[in-house]
Amino acid sequence: MASQTPTSSPLRKKQRKELDRFIPNRDEDMNVRFRFPSEPMTPTKNHKCLNAEQFEATESRRRYQNMLRKEILEDTGDQGRLFSFGPRPDPLTPSRTPRTPHSDRVNLDTGSDTYNLSPVKLLPQTERYLRGLKPIPKPRRLDSVPYKILDAVGLPDDFYLNMLDWGSQNILAVGMGARVYLWNTLLEEAILLCELPAITGRPDAVNSVSWDQRGTTLAIGTRRGLIYLYDVQSQRRMRIFADHIFRVGALSWDEHILSSGSRDHTLVHHDVRQRREVTFVSAHIGEICGVRWSPGTGHLATGSNDNYVKIWDKRRLDTSIFTWAEHKAAVKAIAWSPHKRGLLATGGGTADRCIKFWDINLPEHEVKKQLRNNATRPGPPVFLDQEPQSSPIRRRRINESSADDTNDVVHGSSRTALDRQDSPARIAHDVYDARPAERMVEKPDWMTDPHLLSSHDTGSQVCNLMWSPHSDEIVSSHGYRDNQVEVWNYPSMQNVITWTGHTRRAVHMAMSPDGETVCTGAGDGDETVRLWRLPREEKKEERRRRKKPRIPHLSAFEDATSIR
């Protein structure tokens, strides 16, 4: 009887899978491939000139390829073209190929070379190349959201105004409408400092605020051209200056000197210790929206709607020492570096979008060399503007008795700010015209000012600039398009972080006295003040000291362990 157990068919065979791996043989082609050119030998029409960053990247790749060629192929000669005149190198035939690339050297590290992490000994050229590489810095970790948001109803959305300032006593001043509020960051309390009175029945508005170095006196610029000085501790108004005809949008202190810029194109310097000492300068041909003193150097930088940046010396304020016209839009953002004397950063408006860095301490021979290079460049002649001789223009000052409040000392020539009636008593005052005689014609792209170090296109309107006092980081607030706040590393201008959240332009910005908090404000449609953390980066010594446990000295236990 046949078995019922099924048997396998003889035609059916089990499929056999044969797997194998491909092991390439090291032959002379490897040496050829390393030498094969990646670009055509003849120039092409699409060939483009490399900038500095692209050239550095290309050089880095070339050095890396040379290092691999030397280590793998033991070829220590210079890399040449595929077809070149010279002795032909011996090919690495399979019979001559060593078992390992480093068989003729010591494979195990002796321990004397502390740089190598691999047990394989590297060539001396490779070791020198690796030692020259800079370690890649770790990116900073910063909070991407503000740690506090304050309501600021009435904060204007005006590029030309400066409504935030953080004093050295850790008090933030905010101008909103006709009122000025003080926010104590330690107590997290806000108080109303003042409300501007109406002038001849018409309301006034705050356009700028600025603390002095001690943080006890606050200067307030208004839409009617007045400047109020307030003692914050007593909350009492001390003085009124009426030297401008139109609004005062920029203020800056240098010890006892208060400088103000206005829409009337004038720059006014007040010595708050004196009663009548005032210096008027017709500085620009547009509204002055940026005024910033350099701490301890006696230099003043001003920016205006005429796209000019001017530098002034405290010893002679009637004439600017430098006039720069590299920006293509209004210049409001101005910041002096606290780390290098004479280093200035400026930012342009919507049509410019650039952050430019200047060095006012450039040696004279470098300036002349750059000017000679510009003069020898081909092209049509370019006429640079020249500072004209200062011409005194007679201005008037109202009588002090015409002030509404007799307790205030009023200085200035703005008769439209206080009254419209002719005053019988007038005091003449000199005003110096330091404006350029004519506008500079547009310069070619290759022609730049010798003091210009670099320029970085941010892609959006630059509203404010602030340097970190702890590192070479610079903070910029922006308008159109993204209303963002950026933190950059100088001089590489690599982005550290981008803060977003404002729905309108971040036209107002201030920094805390310790430099670890950035405050930004936006106007209509947003009306918020946001506080961002910018902690300083710990140095290696501080980090090591913080991690290392403190061991008390034996003398601390001397009394407790002594035997009597």
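Glycine residues also receive a Cβ, built from the backbone N, Cα and C atoms like all the rest.
Whatever TrEMBL says is automated annotation, not expert-curated.
Database features (TrEMBL):
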{"type": "COMPBIAS", "residues": "1-10", "note": "compositional bias 'Polar residues'"}
{"type": "REGION", "residues": "1-26", "note": "region 'Disordered'"}
{"type": "COMPBIAS", "residues": "17-26", "note": "compositional bias 'Basic and acidic residues'"}
{"type": "REGION", "residues": "78-111", "note": "region 'Disordered'"}
{"type": "DOMAIN", "residues": "150-362", "note": "domain 'CDC20/Fizzy WD40'"}
{"type": "REPEAT", "residues": "199-240", "note": "repeat 'WD'"}
{"type": "REPEAT", "residues": "281-313", "note": "repeat 'WD'"}
{"type": "REGION", "residues": "372-422", "note": "region 'Disordered'"}
{"type": "REGION", "residues": "537-564", "note": "region 'Disordered'"}
{"type": "COMPBIAS", "residues": "542-551", "note": "compositional bias 'Basic residues'"}
What is the number of residues in the repeat 'WD' (199-240) that are helix, strand and coil, as DSSP sees it?
0 helix, 24 strand, 18 coil
Do you know the DSSP helix, strand and coil residue counts for the repeat 'WD' (281-313)?
0 helix, 19 strand, 14 coil
So what pLDDT does the repeat 'WD' (281-313) average out to?
96
